[in-house]
Structures are given as C-alpha cells and as structure tokens.
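Per TrEMBL, xanthine binding site is recorded for B:20, B:27, B:156. Taken from TrEMBL, the feature 5-phospho-alpha-D-ribose 1-diphosphate binding site covers B:128, B:129, B:130, B:131, B:132.
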C-alpha cells in the first residue's frame with residue numbers, strides 16, 4: 001500500500017536493526033485519513049470473504065480495525081490484555097508473550113460476542129513474531145468460529161511471524177513488508193514493489 | 001444524541017446502582033457505524049473551535065476519538081496508561097486514579113506531538129469521577145496548549161466528574177447523560193429530553 005509505505009519512508013524512525021518507531025502516525029499519534037485508507041484497503045483485500053466480525057487487540061490495533069469494520073459494516077471486538085486473571089467461565093482467554101516487553105499477558109474476549117457462526121478477520125498494526133496474531137486466532141478457534149484472514153499494517157518480514165502464520169494455513173495480508181532495518185534505513189521487501197496505489 | 005441513547009436503553013446492562021455495562025456496543029464489542037455517528041456529533045458540537053488535535057486515553061476512547069479526528073481532519077493522540085514509569089524527559093506524564101480499578105496509573109504523551117500552538121479536543125467514552133478527563137487536561141496544559149473542550153459519549157451525571165469539570169471552566173459535551181441506575185433501570189438526565197436526532 002503506497003500511502004502507508006511512503007509514510008513509513010518519510011516519518012518512520014529506525015531505532016535499531018530490530019526497532020522501527022512509527023509513533024507519529026500509527027501507534028501514539030495517528031493520522032485518521034491514513035487509518036481510513038488502511039480500513040478501505042483491508043476491506044477490499046478481504047471482500048470475497050463473508051466476514052461477520054473484525055477482531056483486534058488493544059490498543060494500537062483499534063484504530064485501523066474500527067475503520068476496517070466500518071467499511072465491511074460488521075462489529076469490531078477488541079481483545080483486552082491483562083497481566084493476570086481470575087478464572088471466569090464467560091470469557092475466552094489465551095496467553096500471549098510479548099518479546100518487546102518480555103512479559104506474558106492474558107488476552108480476553110467475552111463469549112457473548114463470538115460463536116461458531118462467525119467468520120472473523122483479525123487486524124493488527126504490527127507483525128513481528130506473530131504471538132498476538134496467533135493468540136487472537138486461537139481465541140477465534142476456541143469460539144468454534146473460523147479465521148477469514150489476518151490483516152497487518154506493517155510486517156517486519158525479517159522476523160518469523162509472517163512465515164509461521166502462512167505455514168499454519170492462515171491467509172495473511174500485510175500492507176507494508178519490511179525486509180530489514182540495517183544502517184538506520186528501512187529496506188522494504190520485494191513483494192511491495194508491486195504496490196496498490 | 002438519540003442514537004446512542006436508544007442503544008444504551010436497548011443494550012446497556014445495569015449491573016448495580018453504580019455500574020452500567022455497555023460492552024456490546026461501546027467498550028469491548030463496538031458498533032463502527034455508531035462510532036462514526038459519535039465522531040460526527042462531536043465534530044459538529046465543536047465546529048466553532050479551531051481544533052488542531054484530538055486527545056484520548058487507551059483503550060476504549062480510541063474508536064470514538066479516531067472517528068472525531070477523521071471528521072475534523074486533525075491527528076489523534078492517544079495517551080498511554082502504565083502502572084509505573086521510569087523517569088523520561090521526552091514525555092508529559094500525569095497520575096490518574098481509577099476508582100473502578102482502585103489503582104493509580106501514569107498517563108503519558110510524547111512531547112513531540114503537542115505544543116503551545118495546539119488547541120485540543122479531549123474525547124472519552126465514559127465520564128464518572130472525571131479523573132481521566134482531568135489528567136488529560138493537565139497533559140494539555142503541561143504542553144502549554146489549550147483545551148477546546150471535553151467530549152464524552154456517556155456521562156454518569158450522578159457521579160461528580162461532570163460538575164467538577166464545568167466548575168474548573170471546561171466546556172463539556174456529553175452525548176448521553178445518565179441520572180441514575182436505580183432498580184436495574186437506566187434513568188436519563190432531563191437535559192437529554194431535548195435530543196439531537
């Protein structure tokens with residue numbers, strides 16, 4: 001997606017070979033028009049799927065996901081993240097490890113809002129190791145629902161999440177794929193040379 | 001705002017005299033069309049203000065706030081919430097106490113994204129004691145910026161936040177005001193009898 005790629009090129013800050021900072025437009029300050037375009041792009045890529053719900057995880061997934069849900073005209077559910085949890089039988093829970101924060105969180109979705117009739121599109125802002133995406137997919141499967149696909153704004157393609165998700169059989173659509181962050185610069189993956197306008 | 005009020009009436013669940021559950025359309029599962037209408041309503045109410053930024057706090061403020069920012073065509077900043085914080089000089093921080101969770105969080109906004117030239121609209125999903133709204137307003141004032149106003153989806157008008165914010169001189173626009181939650185039912189405040197369609 002050219003618009004997002006240009007934004008990464010212009011405003012992304014390479015902090016190290018592993019870390020790209022995009023807090024000026026994606027995950028602290030957000031450009032609402034860019035979010036709307038991201039929503040339209042995901043809706044268009046998954047237009048052939050009969051999606052009934054969009055699912056994301058708090059917090060930075062919410063803006064792109066609500067725009068996607070608005071385009072598809074289905075509800076958005078955002079999974080809550082908490083450090084520890086008292087056992088409850090009205091929620092689906094999955095453990096998700098964060099490599100960035102080096103901690104495990106429980107993610108939760110109320111059982112009221114997802115069942116076997118649902119076909120769910122998972123949306124998130126970043127994909128690195130795939131822990132969050134796999135956790136969300138496991139929640140969908142716990143509900144007996146099906147995963148329509150996984151839509152990611154920025155994939156760090158030099159980390160293993162994308163390959164693992166595809167290997168597990170999920171359809172993955174990443175709007176921008178980053179091949180590396182060497183020498184303080186963003187290297188985009190080849191697949192992005194063929195960009196949607 | 002009639003649409004939101006009808007939704008509260010139909011789908012809100014009164015858990016106690018203090019607690020209204022709206023997780024089916026506002027703060028866990030979200031209705032994106034309702035969020036868009038909320039965004040339009042806030043944009044319209046504050047149309048006379050020359051707003052440069054919308055500010056909210058993660059997580060459930062993000063969806064109504066990004067829709068408001070989209071209507072006004074300005075960036076959204078969402079304040080991050082964390083339990084404890086290592087001292088850093090590149091962020092504004094304020095302490096916010098949550099009566100619901102009985103814990104104090106640090107809320108943070110990067111200094112890069114707000115300065116004295118900004119006129120900021122604060123948006124949140126709920127208003128009860130006003131701790132979050134006051135915390136966000138203090139962040140704006142730390143930046144030397146001005147608060148254009150505070151837009152709230154649902155105000156629990158039987159709790160002191162609204163009165164305290166008005167007393168402090170802030171312009172407060174609540175789309176739905178709840179006078180009480182007695183006998184398992186939602187009592188709406190009189191001001192809502194004159195509703196916008």
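Each Cβ is built from the backbone N, Cα and C atoms, and glycine gets one as well.
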Winner by Cβ contact number (other Cβ atoms within 10 Å) across the binding-site residues B:27, B:129: B:27
Mapped DSSP class for residue B:130 (5-phospho-alpha-D-ribose 1-diphosphate binding site), helix or strand or coil: coil
Residue among binding-site residues B:20, B:128, B:132 with least C-beta crowding, 10 angstrom cut-off: B:20
Whole-number Å value for how far residue B:128 (5-phospho-alpha-D-ribose 1-diphosphate binding site) lies from residue B:27 (xanthine binding site) (Cα to Cα): 15
Coarse DSSP state, helix versus strand versus coil, of residue B:20 (xanthine binding site): strand
Residue B:156 (xanthine binding site) and residue B:130 (5-phospho-alpha-D-ribose 1-diphosphate binding site), distance between Cα atoms, whole Å: 10
For the 5-phospho-alpha-D-ribose 1-diphosphate site built from B:128, B:129, B:130, B:131, B:132, further residues of that chain with CB within 8 A of the site's CB center: B:99, B:127, B:133, B:134, B:159, B:161
Any further residue of that chain within 8 Å (Cβ to the Cβ centroid of B:20, B:27, B:156) of the recorded xanthine site: B:12, B:19, B:21, B:22, B:26, B:125, B:126, B:128, B:154, B:178
Number of other Cβ atoms within 10 Å of the Cβ of residue B:131 (5-phospho-alpha-D-ribose 1-diphosphate binding site) across all protein chains: 20
